[in-house]
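Quick notes on the structure that follows.
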Amino acid sequence: MHIRHLGLVDYEPTWHAMQAFTETRTGETPDELWIVEHPPVYTLGLAGKPEHLLQQTAIPLVKTDRGGQITYHGPGQLVVYLLMDLRRRDYGVRDMVRRIEQAIIDTLADYGIEARGDVNAPGVYVGARKIASLGLRIKNHATYHGLSLNVSMDLAPFGWINPCGYAGLEVTRMTDLGVEATLAQVAERLIPHLETRLARPQHETEA
């Protein structure tokens, strides 16, 4: 799996680059993880309802093709896009979501944070507060989009939406939980957990 550290990049061109990568990939194209950070932007998934944006702000809103509802991206949030061919694995998208969640939970545990998933609401939570979101798109058995983990970002813009379509859902970040770490440091811990949790079945890797 190739790891690409792209730094601070605008959302829309990155999304279109993911689409292009997925459209042109072949059976030989290596899977990739794109590690990014975005300037402030709201993204509205395929199931998203505009009324979940509670007030107009200067933050742009992009209607995108991932699953899910509305969320916010901004500086201080670690975003990982997963461009993977599911035909190389023995699991489907639901299991993939659980594996991604567990990789995030494993990463937070490295920092002494106890987190959990929720079978009824994808993402990762600390208590009742959401710390990470997931949203994927599957096309021709290939995935794109991915996860976002709140590290040190300004959480105020979440107050102007119903995060992931849930009114009153509270969010949190690693700095509020006593962790002072850069995005690069958190990515360094998260990537190995993702690689482990998303690994091919053992019988395939031995071939």
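Cβ atoms here come from the backbone N, Cα and C positions, even for glycine.
Taken from Swiss-Prot, the feature domain 'BPL/LPL catalytic' covers 27-202.
According to Swiss-Prot, the feature substrate binding site maps to Arg66, Gly67, Gly68, Gln69, Ile70, Thr71, Tyr72, His73, Ser133, Leu134, Gly135, Gly146, Leu147, Ser148. In the three-state DSSP scheme, Tyr72 (substrate binding site) is classed as strand.
In this structure, Lys130 (site 'Lowers pKa of active site Cys') is part of a beta strand by DSSP. The site 'Lowers pKa of active site Cys' feature in Swiss-Prot is assigned to Lys130.
According to Swiss-Prot, the feature active site, acyl-thioester intermediate maps to Cys164, an assignment based on sequence analysis.
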Among all protein chains shown, how many Cβ atoms are found within 10 Å of the Cβ of Gly68 (substrate binding site), not counting that one?
22
Inter-residue Cα distance where the pair is Leu147 (substrate binding site) and Lys130 (site 'Lowers pKa of active site Cys'), in Å:
13
As a test of the contact definition, list every same-chain residue at least 6 positions from Arg66 (substrate binding site) whose Cβ is closer than 8 Å to its Cβ.
Thr43, Gly45, Leu46, Gly135, Leu136, Arg137, His145
